[in-house]
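In what follows, a single structure is set out as structure tokens and then discussed.
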Amino acid sequence: MPALRRFVDGLVHASVQGDPTDLHRHRSFIAVNLFGGMAALLALPVHLVVAGPVGVVPAVALIGLAAPAPIALAVSHTGRLELGHVLLALTTAALVGWIALFTGGLASIALIWLAVLPVEAALSGSRRVVHAALGIGFAVIALLALAGATDSLPQSVIAAHGDRLLFGVTAAGLAYMAILAFRLDALYRNADVVSRQREAQYRLMADNIGDIVTGHGANGDVVFASPAVERSLGLSVADALGDGLFRRVHVADRPAFLTAIADAAGGLASTVEFRARADGPDGQSRHVWLEMRCRSAQSGDGLPSRLLVVGVMRDVTERKNQEAELLRAREQAEKASEAKTRFLANVSHELRTPLNAIIGFSDLLGSETFGKLPDPRQRDYVRLINESGAHLLQVVNDILDMSKIESGAFDVVPEPFDVPLLIEGTRQMMSHQAAARGLRIVTAIGLGLPELQADRRACKQILINLLSNAVKFTNAGGTITVGARREGDLVALFVRDTGIGIADCDLGRLGTPFVQADCGYDRRHEGTGLGLSVVKGLASLHGGSMHIQSRLGEGTCVTVRLPVTSEIAAGDRRTAAVVVPLSADKDQAQEPRQMRA
């Protein structure tokens, strides 16, 4: 009767639709009690036709027989099956007690129906309901005993209707017990089907999932294992039980394996990676890496009591091999970088001695200390030798500084010093070179500038490199501004020029060693691209940053921000550099008040 089944299924509360066992319990309760109560109501007109008007005793009994129908509807509406079983036990006990009251009290044959109460309650799947049904049954017996002891029992109707009453009670009891038997059988059959379906689903997942699922006891022994253990380790499920899996774990990794299981048994989720021996199809053994995630087995999982920990293992051999390969590549790269740095440092040191000799002797020749040079071309050649030597020495010094910064050999020695004095000294040092190119260097010192606690030598090198770049890329008649201002806990050193500027396509690459601007700078200018790299590295060693603002054809402003105190400088040493187009309005808004040529 598919239509009737669909009707009953539609009455089941939505909260139990996802559980097959609970769905069957609700469906059975609603169907039996709803249709049973409706049958009792339909029997009323038949009784009126056959036996005439209904007396008080049959009327109350008829109400008791019809009561399960509204109880079934209440369970359908609320989904509270346990409450429905308790209400059904109350109405059934009241009906039995009412009949027994008029059929001899404790001697009434109707009391046999009380045995139905705990059996019916057992269908709920709740022990509390069974206990409640037993209590209700004993309460009815106690009330009947009290009525008999006080001679409060009404006159028995057995004399007038004994045979019919005995037949009716016996037949009804037999029919109801038969219905209970069929319901219990259906419940067990449904539970068996659900169990088989769930087992089949588990087998399907276990056979197709590569992860190994294991259950462990208190000492780490395997209680159960999924079939994936055979694919991963070449070990049958039976051989993995007990200490079979543990004996496959690499000896050096066994303590970590047992520690992870012990932590999980104590309630802490744990993860461990270990090596295990795996047998290949060819019979050859090899070690594979497994990652096991463990958690405590909860009592509500429906697992055996001796099972304390559930573990999920995954083969991570490929990942571990990749990590090892990356580590080897990183070590090789670090060794190559160290070798490059040492090579550059050694070459730089070896070059400085002959370069100093070239520069020194060319100075002597240029000053004509030992006699005048007869040919003007000789003086030009000496000047070119001196300038080229000085340029090459600067390149060597930059390379040496970069190698020290990259290798961590550049020691930062913080000391408090006066920033305006440092700026003025640097301006005077670079003023001759600027004047030779027709440029003017001015200073701009902000008000309230504190002492800076940093490496004075490094800060001087920062200003020299920035001024050298500004002089190199500013045309004759231009102005270069070098200054400083306070920005909270930072001191900002800046150099601004009115030079050729930098194109947007080159801004992002500045600060990288040996990189110069290609599409904004005139390639006729000399340089190796190390100046800004050294500035960026020195700022990073102080925990500071480098910020570049520029616009092609208008000029460039490079700002280096350093922490005021050495405590801040000792913190973050990550290199930071920002490049943005030059904003004239913003730049003018930050112009310090003091200007000096």
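Sequential numbering from 1, following the chain as shown.
Each Cβ is built from the backbone N, Cα and C atoms, and glycine gets one as well.
Unlike curated records, TrEMBL annotations are generated automatically.
Taken from TrEMBL, the feature transmembrane segment covers 29-50 (among others).
According to TrEMBL, the transmembrane segment annotation covers 56-75 (among others).
Annotation source TrEMBL lists transmembrane segment at 87-117 (among others).
Feature annotation from TrEMBL assigns transmembrane segment to 129-153 (among others).
Per TrEMBL, transmembrane segment is recorded for 165-184 (among others).
According to TrEMBL, the feature domain 'PAS' maps to 198-268. Restricting the average to the domain 'PAS' (198-268) gives a pLDDT of 85.
For 270-328, the entry in TrEMBL reads domain 'PAC'.
Under the heading domain 'Histidine kinase', TrEMBL lists 346-566.
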For the domain 'PAC' (270-328), give the DSSP counts of helix residues, strand residues and coil residues.
15 helix, 29 strand, 15 coil
Residues sitting near the transmembrane segment (129-153): Cβ under 8 Å, six or more positions beyond its termini, same chain?
82, 85-86, 89-90, 93-94, 96-97, 100-101, 104-106, 108, 111, 114-115, 117-118, 120-122
Sort out the residues at least 6 away from either end of the transmembrane segment (56-75), same chain, that have Cβ-Cβ distances under 8 Å to it, and list them.
11, 13, 26, 29-34, 36-38, 40-41, 43-44, 47, 81, 83-84, 87-88, 91-92, 94-95, 98-99, 102, 157
Positions on the same chain near the transmembrane segment (29-50), where near means CB under 8 A and six or more residues out:
8, 11-12, 58, 62, 65-73, 75-76, 81, 84-85, 88, 123-124, 179, 183
